[in-house]
Structure formats: structure tokens, C-alpha cells
Protein chains: 2
Amino acid sequence: ENFIHLCNPHLEKMKEDILYHFALGTGTHDFPALFGDVKFVCVGGSPSRMRAFIAYIAEELGLGSPGCDYPNICAGTDRYAMYKVGPVLSVSHGMGIPSISIMLHELIKLLYHAKCSNITIVRIGTSGGIGLEPGSVVITRQSVDATFKPQFEQVILGKTVIRSTNLDEQLAKELMECSKEIGQFNTVIGNTMCTLDFYEGQGRLDGAICLYNEEEKLQYLKEAYDSGVRNIEMESSVFAAMCNLSGVKAAVVCVTLLNRLEGDQISSSHDVLVEYQQRPQKLVGYFIKKSLGKV
Amino acid sequence: ENFIHLCNPHLEKMKEDILYHFALGTGTHDFPALFGDVKFVCVGGSPSRMRAFIAYIAEELGLGSPGCDYPNICAGTDRYAMYKVGPVLSVSHGMGIPSISIMLHELIKLLYHAKCSNITIVRIGTSGGIGLEPGSVVITRQSVDATFKPQFEQVILGKTVIRSTNLDEQLAKELMECSKEIGQFNTVIGNTMCTLDFYEGQGRLDGAICLYNEEEKLQYLKEAYDSGVRNIEMESSVFAAMCNLSGVKAAVVCVTLLNRLEGDQISSSHDVLVEYQQRPQKLVGYFIKKSLGKV
């Protein structure tokens, strides 16, 4: 049994642990009863997408009925949304490293308090692609920073500490295999660049502030491509770093909403974007079904 | 007239501008008609708090009726929520620098496209206090980083650029004067430390990962206090930097939910926390009323 590895000796001494941004606490909620059977955790930026995912996976696993509603476990706050069906937990994390980092601290503690074991966690997200047709899905090999290094800089008490952003190689291969079996959309394994900003940090020309030109932008994106980067998003590095430290098997599966070599604005129709966003859900849904012997 | 200063020459050449995370666009929405009369923008992390604020300010300004509902202008997305009444716009920004940065890029472009002038923007938020009784309100003098420097590091195309985090001194003084006139809660002007993380970045002992001890934590918080820091939050530095560059008068007004020298967990009752969170709203509501000659 592979339990959560909690890298914090102080927690043992606490009588009660309040997970403030989930509006849950060990003094008010029975974590083992509520979450002890969780084996798969899916996280993504948008609360409504994570609600849609739980309805989708419930139907896929034969655990729900069409039109059935799933209560938000974090209804006491609007910081994050959380849904559960059977062994699957679905949690939103907002946008950017700090936002997903708060969620992951509290999620890892939740899984620890619930005595969960053999957890697989997958981020299903959206991203900008580089050199891929829009709608392609990228399974992350390594999450890299804005200088293409596979590392995450964590500031602790004012000092910067470097953490590894490795992800589970075997899990990435299994997900790639699942995509081949589904055969519905283009999927690649590639590096994912994780930035602190959507506009200047990703070389967009359409933000409120832009002090570089199109040539410099394209040169940067091509350097990223040449280093192995296939998509850009804003959460994967701290996700990989924290899952590593906690001993949790983790993967990042993001659809690309546009090809950044062609432009900056996300101008596809609403319906097209909705269908794109279902692709990581389909892929991870299939993976979960297969893992449970239901394919 | 003080118009928005747009630091991006590329935008002039775009036929249409899609503000993706607001689900608004210049091709589909008449920005001057919708937003041209805006003079005050209030931003805060939580969507429900920003909805509560618009109802509060509507009643204060005599522009709404009790129980009246205000539509979410960004109903086409769940990334941010936006509400408007008269000259006041209320927008949520989620948690952390990257999340507020995306919102501010699109907000500054929105105000520019709408041809707004003489804008005042205030972040009304929550924070951890240092050496203050919980419930105290801090008006930010300077936003400082984790090493107590008044600067924000913006990564652009892989390179780090330092930006100033100065805020409007006169506006801070006017807000302090308003708080004295209200006389309902303790308010101070002080420095605000802006971190990339809620747990390790702020020296908490109760995260999923913690590799330092209580003594090191307290030493760090005391150094912060000695340098003038009175509260810690996660958005003020990029807020100040972007407002500076765009020529918008800006202030940060945060309530402190706890005294970090006493602990890490936010354990006050729901009702107490709700009342604390109304304090920045009351202060900024009074300021807006006074600015409009309605006090």
C-alpha cells in the first residue's frame, strides 16, 4: 500500500486541522468515511468543468443516472469546488501556481487524514499549443519553467528552493496507450512550459502591457519548441513538485486551444472550445475505467 | 481627463479584441455603452464577496432596492465574476498573482476600449496580519516581496524584469481619513507582503509540506514586522505594478483574519469572518460615497 507521504512533522501535534479553502475540518468532518475510498483525483481550473467531469465519469462507471446532480463538497466556500463519485474525486483549482498550490496543500492533507492509499492524480486542463493543430492533447513528459528547465522555484521564508518537476513516466505511457485505443483525437507526449502569467509570460502580443515585438515573441516560442515544449499552461510545475514530495503518482493532460505560432487570441467558437475541453476528460475517464477493469 | 495608458502598441492594429477570461469582446459587446461611465473599480478574490459588494454599494448610493439582484456580466465563463451599478464595477480575481494578473490585463483593456477616464481601483481583500488584532484593516503603503523589497519580478519571454509596486499615497491617506470618520474598526497604513504561496511562502506550519521549525517561522515574521510589514496576502504586488504602468490610481485595503504571530489556522467562527470581510467593503463604500458628494 502506497500511502500519502506527509512532509510536515508539525501536523501530528495538531488536535484539529481546518482546511480553510475547502471549508472542511477534521474536527467537523469524518475524513476516512467521506474520502477513504478515493483512488483517482482529477483536478482542473474551472469549477464548472470539474462538475461536468464528475457527471461524465459517474455515467461511464455506471455509478450515476443521467441528469443526476452531484453536491459540491466545498459548498461552504467559493474558493474551490469538489465533487465525488465512487473512487473518483474531482476538484477545481483556479488559475495559476499560487491558486493550485493552496488547493494541493489542502488536498494532500485531506487524502492523508482520510488514510487514502494508491492514489493517482491527474490535472486535466487547457493550454496553448506550440506547433500542434488546435484540439490536440498533450500528456506532459516534464514540466519546465520559462527558461525550459525542469524545475520549480519555491520561495520559503524569503529564500528560493529548487524542486524537481518530474512526473510518472509509466503513467504518461499508459495514458498515451489509452488515447490510441480511443482513437478520436491527436495526442502527443511532450514537455509543458509552466508560466506565472498568461500574457507577457507566454509572449502574447494582446495583453494590456507588451514591450516586445512579434519577431521576439516567435523566436521565444520556437526556442521553446526546439527544447521539446509542446504546450504552455500555468499550473503543472508546482503540481508535479508537490505530488513528487508527497509520493503521489501524477500526470498532466491538457488540450491545446490554439496554436501559438499562429496567434494569441482564443477565437474558436464556444461549441468547438467545449468539445476540445472534453478531450482530456474522455482520455482520463477511459484510463480510470480501464484501471478498474471496466473496459 | 486621465485616460488609461495602454502600454501595448500592437492592440491598435487588432480589428477585434476578445477578452477570453471575461467572455467579452469588442466585436460582440459595445464597451463604451456598457462601461463608459465607470469611475470606481473594486476587485477581490472571491466571486460571492464581489457580488455582495455590488449589492451593498448599490444600496449605499441609493441606486438599488433591497433584495434586487445584479446580473454577472461575465456569465459566459466561470473564471471571473463581474457586476456593475452606476459608476462602480466589482470584479473577482481568484487567488494569487497569476490569477489577478490575467484579470487585470483584461480589465485594463476593457476600461481602455470603453474610453473610461479618472478611474480609481481598489483591491478589497483578506490577509494574515502581523502584530495586529484580528479584524484590523490594513491600507497598503507599499507592496513588498518575500524579501521585503518594494518590487515585483515579471518574467517576460524567459527574462526577469523588475517593476515598481508603488501605490497612490494620497489615496491611501484619504482612505485612512474615511476609516477615522466611520470609527468602527482598527485601521492602519502599513506595508503588505505579497507571496506566491499561502503555506510555505508565508511561513505556515500547517501545510502539507513544511521543512522549517516554529522558531525560524517566527524569526521571519518578526523580520517582516520590523521592516514595516503589517499584513500578508497574494495579489498586491502585480496589482500595484500593473496599475502603475497603466496610469490608474490604485489602493489595497485588506482585513486581517488572524494574527500570524499567534498562529496559522483561520479558526474564527463563520459569522466573525463574514463580519471581518465586510470591513474593507464598508471603508471603500464610504470612500466612494464621499467622492461622489453623498456623505
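Using N, Cα and C of the backbone, Cβ positions are placed for all residues, glycine too.
Heads up, TrEMBL stuff is auto-annotated, nobody curated it.
What TrEMBL lists as domain 'Nucleoside phosphorylase' is B:39-288.
Feature annotation from TrEMBL assigns phosphate binding site to B:R79, B:R123, B:I124, B:G125, B:T126. Remark: B:R79 (phosphate binding site) has B:H21, B:F22, B:G94, B:I102 as non-local neighbours, by Cβ distance under 8 Å and separation of at least 6 in sequence.
Within 10 Å of the Cβ of B:Q202 (substrate binding site) there are 26 other Cβ atoms, across all protein chains. The substrate binding site annotation in TrEMBL covers B:Q202, B:R204.
B:Q202 (substrate binding site) and B:G125 (phosphate binding site) are 17 Å apart (CA-CA, integer value). Each residue contributes its Cα atom, and for B:I124 (phosphate binding site) and B:Q202 (substrate binding site) those atoms are 20 Å apart. Neighbour counts were taken at the CB atom with a 10 A radius for the binding-site residues B:R123, B:R204; the maximum falls on B:R123. With a threshold of 8 Å between Cβ atoms, none of the binding-site residues B:R123, B:T126, B:R204 neighbour chain A. Site extent for phosphate: among the recorded binding residues B:R79, B:R123, B:I124, B:G125, B:T126, the largest C-alpha separation is 20 Å.
The Cβ neighbour count for B:G125 (phosphate binding site), using a 10 Å radius over every protein chain in view, is 28.
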